[in-house]
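Some notes on the structure that comes next.
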Amino acid sequence: LGRMKPVIVVHGGAGRIFKEREEGCRAGVVRAALRGYGVLKHGGSAVDAVEEAVQSMEDDPHFNAGCGSVLNEKGEVEMDAIIMDGKKLDSGAVSAVKCVANPIKLARLVMEKTKHMLLTDHGAHLFARAMGVPEIPGEKLVTERSRERWKKNLEPDSNPEEFQKDLGTVGAVAIDSEGNVACATSTGGLSNKLIGRVGDTACIGSGGYADNHSGATSTTGHGESIMKVVLARLILYHMEQGMSPEVAADTALDYMKTRVGGLGGVIVVNKAGEWAARFSTKQMSWATVKDDELLYGIHAGERHIKSVDEALASESEGF
């Protein structure tokens, strides 16, 4: 055992990241990647690692997932999440859930404690209660920024589409030392969306997909476009045809752009442990750890490199 070198890749959402939020987004994806890598280093599974990384970003108000999620038309938080294990293609997802701090944990419970793959809204709520998942007041998930944006979008001359550009779905993919891959994705969705709108995140093959035979991917961007091309599965299909993660990601993103005019971003790891973080939007916050080396960036072509030890040291000093 221990044949594979573990790898984790995370994203904090593709879109437009405003200057004043860049540092927080960078710090957030780095923290998530380091946490996920910590799990892998101690012999944890890929599924444990991606859940840990995504939970870290759900708890970070910089991202549109968990606390900090955008609000629907009624001013409420409704969240979607998915997790998938590449070993037997087991997956669990939740959609339109409220009053839960970590939808990704609920998605994992769906995967492990039910015979189903997707629970929604009221049913997901009842299941969470049955599983003893703590219920939190919806307001706890609402940040000042989300409320401001929601109000702005309600103005008669506003264009919510304009604000969709900084979406901030979060996700992670990993391969563990045994060669198992996994993915996890979580989001608050689109600002001012219709009540009950579910995007790509909770949909297997769109928001994420993991298969030990090829690899794992998590997506972010315009949900409806991602669903039209089944983006996550499309990338793995390209890798099955022999493409590298980077070429597969670019090919699929390019197809989504030309075919349906959709922009987005993806993170990918293949069964050999090669990874990619690619996007057709202006920005995407991402981070990865492989061989005890941390890489991260936000802008196209941006790549910072640190040793994990150095990163952990500055992490404990609070970035």
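Backbone N, Cα and C atoms are what each Cβ position is placed from, and that goes for glycine too.
Annotations in TrEMBL come from automatic prediction, not curation.
Copied over from TrEMBL:
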- Thr169: active site, nucleophile (ACT_SITE)
- Arg197, Val198, Gly199, Asp200, Thr220, Gly221, His222, Gly223: substrate binding site (BINDING)
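Annotated features taken from TrEMBL, shown on the structure.
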residue	record	Cβ within 10 Å
Thr169	active site, nucleophile	32
Arg197	substrate binding site	17
Val198	substrate binding site	21
Gly199	substrate binding site	24
Asp200	substrate binding site	30
Thr220	substrate binding site	32
Gly221	substrate binding site	28
His222	substrate binding site	24
Gly223	substrate binding site	29
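Spanning the residues Arg197, Val198, Gly199, Asp200, Thr220, Gly221, His222, Gly223 that the record associates with binding substrate, the maximal Cα-Cα distance equals 16 Å. Taking the residue listed as 'active site, nucleophile' as the reference point, the binding-site residues whose C-alpha atoms are within 10 Å of its C-alpha, out of Arg197, Val198, Gly221, are Gly221.
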